[in-house]
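Please read the structure below before turning to the comments.
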Amino acid sequence: MISERDSETTFDEDSQPNDEVMPYSDDETEDELDSRQPAVEPGQNQINRDAEESQEPLKKDCSWQVKANDQRFYEQPQFKRTVFLCFKKSKYAANAIKTYKYNPITFLPLNLFEQFKRAANFYFLVLLILQSIPQITTLSWYTTLVPLLLVLGITAVKDLVDDIARHRMDNEVNNRTCEVIRDGRFKNTKWKDIKVGDIIRLKKNTFVPADILLLSSSEPNSLCYVETAELDGETNLKFKMALEVTHRYLQEESAMADFNGLIECEEPNNRLDKFAGTLFWRNMSYSLDADKILLRGCKIRNTDFCHGVVIFAGADTKIMKNSGKTRFKRTKIDSLMNYMVYTIFVVLILLSAGLAIGHTYWEQQIGNLSWYLYDAQDFSPPYRGFLNFWGYIIVLNTMVPISLYVSVEVIRLGQSYFINWDLQMYYPEKDTAAKARTTTLNEQLGQIHYIFSDKTGTLTQNIMTFKKCCINGQRYGKSVDADRHKAIQVDFSWNMYADGKFSFYDHYLIEQIKSGKEPEIQKFFFLLAICHTVMVDTSDGQLNYQAASPDEGALVTAARNFGYVFLSRTQNTITISEMGIERTYDVLAILDFNSDRKRMSVIVRESGGNIRLYCKGADTVIYERLHPRNLKREATEEALDLLGATAIEDKLQDGVPETISRLSKADIKIWVLTGDKKETAENIGFSCELLTDETTICYGEDTSALLQTRLENQRNRAGSSTHSSLRMNEPFFQGSKDRALIITGSWLNEILLEKKKKKKKLKLKFPRTAEEKKKQTEKRRRAEAYKEQQQKNFVDLACECRAVICCRVTPKQKAMVVELVKKYKKAITLAIGDGANDVNMIKTAHIGVGISGQEGMQAVMSSDYSFGQFRYLQRLLLVHGRWSYIRMCKFLRYFFYKNFAFTLVHIWYSFFNGFSAQTAYEDWFITLYNVLYSSLPVLLVGLLDQDVSDKLSLRFPRLYILGQKDLLFNYKKFFLSLLHGAVTSLIIFFIPYGAYLKTMGQDGEAPSDYQSFAVTAASSLIFVVNFQIGLDTSYWTFVNAFSVFGSIALYFGITFDFHSAGIHVLFPSAFQFTGTAPNALRQPYLWLTMILSIAICLLPVVAQRFLSMTIWPSESDRIQKNRKKYMAEEQQWKRRQSAFRRGISGRRSAYAFSHQRGYADLIASGRSIRKKRAPLDAVLGNGVTEVRDACETS
C-alpha cells in the first residue's frame, strides 16, 4: 500500500500531473485538500516520543464517539437515529454481516412480490383472474394456472437455494470467535456479538473482526504486524503501533477491564489509509492516526497477541464501506428479450382488437340474423366484440411465453454448473476450481469487447525472484525458462543460512564469491545485505525476513544465499554474516525510500573507522549521481561508485502472453489498470506482449495535447457545414500503426477534469439577480458539456490504441475508466482482479472476474466468476462464453418460433368460426404444449449444443466475433422467427383444412369434425416443432435424440389417455374429446395429411440450410466441415519471442526499490527492539498455554 507520505501531492489548478504519485484519496475532504503540503524528504530519522501528548488534538469533524467498556454510553438520545416514524435505533452498527435477502417468515411474500414485478408473470396473474370471469373466458382456468405455478415454483426453489448459501456464508463469518472483555475477564465471544467500545484480544494468524484502535501487543513498544491482502491486495506485512501511554499501562487483563478512555474520531468512511481522532484518558488527550488502527479483514502476523478497542463495527467498517454499491447486472440478451416480450404484448393487443372488430362486424351481418345461434343473451354487437377482445387476449396468451423466463433460468443454471465442473479450469496448486458465482450472465461472456485487468497478482504471480545481476560490467545469471529440466541449480548446501526455496543457475558467480578474488562482488552483496529496512525474526532456528515490499525482501534473500546474511539489528547497529564471519556495523543514518527520491541509502561506520554510504535505487536516479571526476565527495549521495545492477522478476503467471494473444485475435481489447509505477506497468506490458518493440507508445502529455487540439477544432467547427461536422469524428491517429496508450492516475484526473477543487470560503454577498443566476446556470451547463466532450474524446482516442495501460490509479479511477467505456462505447466490459482494490472495478463492469490468488478473497467475493489463474479467462470466454451465447440465441429463436407456430393457428381458425374466440386445439393440449410436449428438446439444445469443439474454439478465436456483433439474436432474427412461425401455422391449419373440405373415410364416415381436425393439427404441429429442433441441433447425443422422439411419444401417450372413455367418466366436464384420437388416427388419410404438412414445413428449411452451407458457409461451417483434419493435426501453440531477449537491450526495471516507505523511522527510533517484558503469564493469565500451543502450531 502506498503510504500517506508517498501519495501526497498538491493539486492546484495549474500544477503539472506527477506520474509517480497516486491521485488524491477517493473521498478526501475539502479540509484535507486545503491543508496539503509538499512532502518533506525524510532523513532525520528522529521521532519525538512526546509528540503524542504535545500535538493539538484534531477536533474538526470528529463527531463519532466511542467509550471503552461502557455499553450504557451508547443508549444516550444523541446516539439514536430515526428509522421509521417514531422508531429509533442506535447509529452504531452491530458487527453481524447480513447478505441474505429472506428469512422463513418473509420468503414467500417477498419472493412472490419480486416474481410478480416481472411483466410476464404479472400478465399471467391478470390472465388467470380474467379466466375466472364466465362471460369472457374461452379456456379453462387450469391452462394458465398449471404453467404459472410451475414457473413460480422453479424460480422460488432456485432463489431459496441461493439464499441458503448466503445464510451459510454469513453464519460462517458471524460465528467466528475472539476474546472480548465480559464481566472483567476475557471470554470467547462470537463476532456477531461484538459491539462498539468492546475490548478484544486477537492472537497470531487470526483475522481482525472489526476496525479497532490498537492498545497493546506482545511485541516491543506494542508493535503489531498485519497482513492487509484483503484490503489493498498486498501480501507484504505492515506494522501498526499503539500509543506509548496505552502500551505502558494496558498490558494486564485487569487494566483492560478498567480502561475507560473516550475516543472522538471521524465518521465511518472508505479511506483505508487515513484516520483522524483523539483519545481522552486520565485528563490527557492523545492524537490518533491510521498507524494505530487495525482494520477488519487484516490478519495478525508475527505477533503472539494484541489488544484493541472496537471503533467501527459491521457495516461501518472501512472494508464494508469500500465494497461499493452492489449493482444489479443484466445481460444484453435479457434487455433485448424484454423488449421483444413488450413487442409481443403490443402485437397481441392489436390482433385481439382486430379480431374483436371482426366479431362485431360478423354479429351485425350474420349473428343477429341466425336464429339458431341465439344464446339467450341480448348483448349488442359492440358489447359482444368487447367481450371477445378479452376472450382473444386469453386464447392468444401463449404468444407471450410464460415458460420463457424459467427455461432461461434453467439453461443458465446448467451452464454455470458446466463452468464449475470444468477440470481444465481447475488450479491444483491451490486446490481452486472455477466458480460461477452468478447464474444470470453466462451468455454475456460470449459478447465481451473490452477486458480491464489488474496487474499484480492477476497477470503476475506477485512473487519477486532474484534472477540476474551485473557486477563490474560482468553479467551473472542464466535464463532457464525454456529448458529448466536441463539446467543444474547452484548448490547452496555450503551455506548454513541458505533459503531452500532460492534457485540460481550460474555456477560461475558462486566460484567467484568463494575465491574472494573479486572485491567488487563482495561489496555488491555486502550492499544488498546492509542497505535495507528489512526486519528479521528467528523461529525454530530459521531466519524469517519481513520486508516493506516483496522486491526488497528478494534482494536481501539473494544476498543471504550468496553468503552475506543479514542476522539482526538494533537501533544503531546491524549484524551481518559475511561468508561465515559475523560482523557488526554502526548505522549512522538511514535515508529511506520514497516515490520522490526513488532510492534509499545507509551510512555505516566500518570496523576500521571508515564511514561509507551505500545506496540502491532506480537506474535513472543512480546514473545522475555517478560523477567519477567530481571532487565534492562530502556531498551526501553524490559522486557514487557503481557496483552493479540487479534484475528482479515478478514472474508472469503461466500462459498470460498466450491468453492475451488469443483474446486479441478474438477482437477483444485488453486494458491494464494498476496502482503500480509507470515503469513497472510498462515493463509488464512488454513481458505479457501487450506491447512490442514496434509499438508506438503515447503518454499522458501526448494524450493531453491531442485532446486539447481536438477540442479546439470541435469548438471552431461548431455550427459549420455538415462536411466539417463529419470531419469531427475523424481518427486521432493516421495510418494503421501499432499504438498503445500509457497514462497515469494524475494525468487521468487532469484530462478527464476530475481534479477536486477547493470550495471558496463563504463571503457575504448581495442576493444574485435572475440574470446572474441564469449566467451561472449557463456557465455550469457549458462546463458539464465541456467535461463530457473531453471524456468522450479521451475514450475515442484510447479505443483507437491496441492496448491501454493506466498506472498509479486509485480503485475509484479504475471504476471510472470502466464506466466511461460503458457509457460512450456501449460495449460489453469485463473486469478481472484479485485484490480488494479491484472490487469497485469488478462491480462496475458488466461482468466481474475474481482471481483466488495471493491477495485475499475480497475480489472473489464481489465477482461474478472466479478461478485460480489468468490463463483460464480464455477458456471462460472463448469456450464457455461463446457456447453459452450460441445456445441461448438458438434457444430463444426456436422458442419464439414454436410459440408463434402454435398460437397463430387460432387466428386462421377465427376466420371460419365468426371470430368467436373458440380455440383450435383441445384445452389440455394448450396446457401441456409448452410444459411437456416441446420443452425438453429445446432445453437440451440450450444446455448441450456446440457448433465446434472446445479445442477448435480456442484454436480459432475469430469465431468469437459473432457474439460481439450480436449476429445470432437481434430484432431481425426475432422477426424472422415470427415469420417462420406464421408460415408454419398457415401450413398446419390450411393443409388439414383443405384435406378435410370434401373427404370421406374408409368406413364411409366423414372425419371432418372439429375434434378430429384439432387432433390432426396438433399432431402435425408436434412433429414439425420437434423435427425442427432436430434440424437446429449441431451436436447430437443420445439424450438429444431421446428427447425429440420421446416428446413425440409422450404426446401420443397422454393424448390417447385423455381421450379414453375411462377418464371421461371420472371427469366429464374436463375431458370432452372422448374417443377422438383413437378414431381419427386410425385413418390413413389423416396420416398422409400430417406427412404432407410436415414435409411442406421442413423441406424448404432443409434446402435453405444445404444451400447456405454449400454456397455461403460461415466460418464455423468451414471449421465443422474440416474438423476431423484439424483434430488429427498436432497443434502446438507457439509463443512469439519474448520482448526480453538476450542480446537485445531490455527495458529498465522499476523493481529492486520499495513501492513504499520502509521501516527506517521505526528502526532508528528503537521501538522495534525487544526489551525486558513482564512474564507472559502475568499478561495472559490462564491463557498462556493456548498461546504457546498456537505459536508451536503456526
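From the backbone N, Cα and C atoms, a Cβ is placed for every residue, glycine too.
Whatever TrEMBL says is automated annotation, not expert-curated.
Some features that TrEMBL has for this protein:
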{"type": "REGION", "residues": "1-59", "note": "region 'Disordered'"}
{"type": "COMPBIAS", "residues": "49-59", "note": "compositional bias 'Basic and acidic residues'"}
{"type": "DOMAIN", "residues": "81-145", "note": "domain 'P-type ATPase N-terminal'"}
{"type": "TRANSMEM", "residues": "142-161", "note": "transmembrane segment"}
{"type": "DOMAIN", "residues": "174-236", "note": "domain 'P-type ATPase A'"}
{"type": "TRANSMEM", "residues": "339-362", "note": "transmembrane segment"}
{"type": "TRANSMEM", "residues": "389-408", "note": "transmembrane segment"}
{"type": "BINDING", "residues": "Asp454, Lys455, Thr456, Glu552, Phe593, Lys616, Thr674, Gly675, Asp676, Arg808, Lys814, Asn837, Asp838", "note": "ATP binding site"}
{"type": "BINDING", "residues": "Asp454, Thr456, Asp834, Asp838", "note": "Mg(2+) binding site"}
{"type": "ACT_SITE", "residues": "Asp454", "note": "active site, 4-aspartylphosphate intermediate"}
{"type": "DOMAIN", "residues": "860-1114", "note": "domain 'P-type ATPase C-terminal'"}
{"type": "TRANSMEM", "residues": "891-912", "note": "transmembrane segment"}
{"type": "TRANSMEM", "residues": "924-944", "note": "transmembrane segment"}
{"type": "TRANSMEM", "residues": "974-993", "note": "transmembrane segment"}
{"type": "TRANSMEM", "residues": "1013-1031", "note": "transmembrane segment"}
{"type": "TRANSMEM", "residues": "1038-1065", "note": "transmembrane segment"}
{"type": "TRANSMEM", "residues": "1085-1103", "note": "transmembrane segment"}
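Counting residues 6+ beyond its ends, the transmembrane segment (974-993) has Cβ neighbours under 8 Å at 340, 343, 893-894, 896-905, 907-909, 912, 920, 1013, 1016-1017, 1020-1021, 1024, 1089, 1092-1093, 1096-1097 in the same chain.
For the transmembrane segment (1038-1065), the list of distant contacts is 922, 924-925, 928, 932-937, 939-941, 944, 1015, 1018-1019, 1022-1023, 1026-1027, 1029-1030, 1071-1078: same-chain residues at least six beyond its ends, Cβ to Cβ under 8 Å. If you draw a 10 Å sphere around the CB of Thr456 (ATP binding site), it holds 27 other CB atoms from the protein chains shown. The recorded stretches the transmembrane segment (1013-1031) and the transmembrane segment (142-161) do not share 3+ CB pairs below 8 A when only pairs 6 or more apart in sequence are counted, and are therefore not in contact.
When the Cα atoms are compared, Thr674 (ATP binding site) and Asp834 (Mg(2+) binding site) turn out to be 12 Å apart.
With respect to their backbone Cα atoms, Asp676 (ATP binding site) and Asp834 (Mg(2+) binding site) stand 15 Å from each other.
Checking Cα-Cα distances from Asp834 (Mg(2+) binding site) against the binding-site residues (Asp454, Thr456, Lys814) with a 10 Å cut-off leaves Asp454, Thr456, in sequence order. For the ATP site, whose annotated binding residues are Asp454, Lys455, Thr456, Glu552, Phe593, Lys616, Thr674, Gly675, Asp676, Arg808, Lys814, Asn837, Asp838, the maximal Cα to Cα separation is 32 Å.
Looking only at the domain 'P-type ATPase A' (174-236), the predicted model's pLDDT averages out at 87. The binding-site residues under consideration are Asp454, Asp676, Asp834, Asp838. Their Cβ neighbour counts within 10 Å are lowest for Asp676. In the domain 'P-type ATPase N-terminal' (81-145), the DSSP tally of helix, strand and coil residues is 26 helix, 8 strand, 31 coil. Taking all protein chains in view, 28 other C-beta atoms sit within 10 angstroms of the C-beta of Phe593 (ATP binding site). There are 26 other Cβ atoms within 10 Å of the Cβ belonging to Thr674 (ATP binding site).
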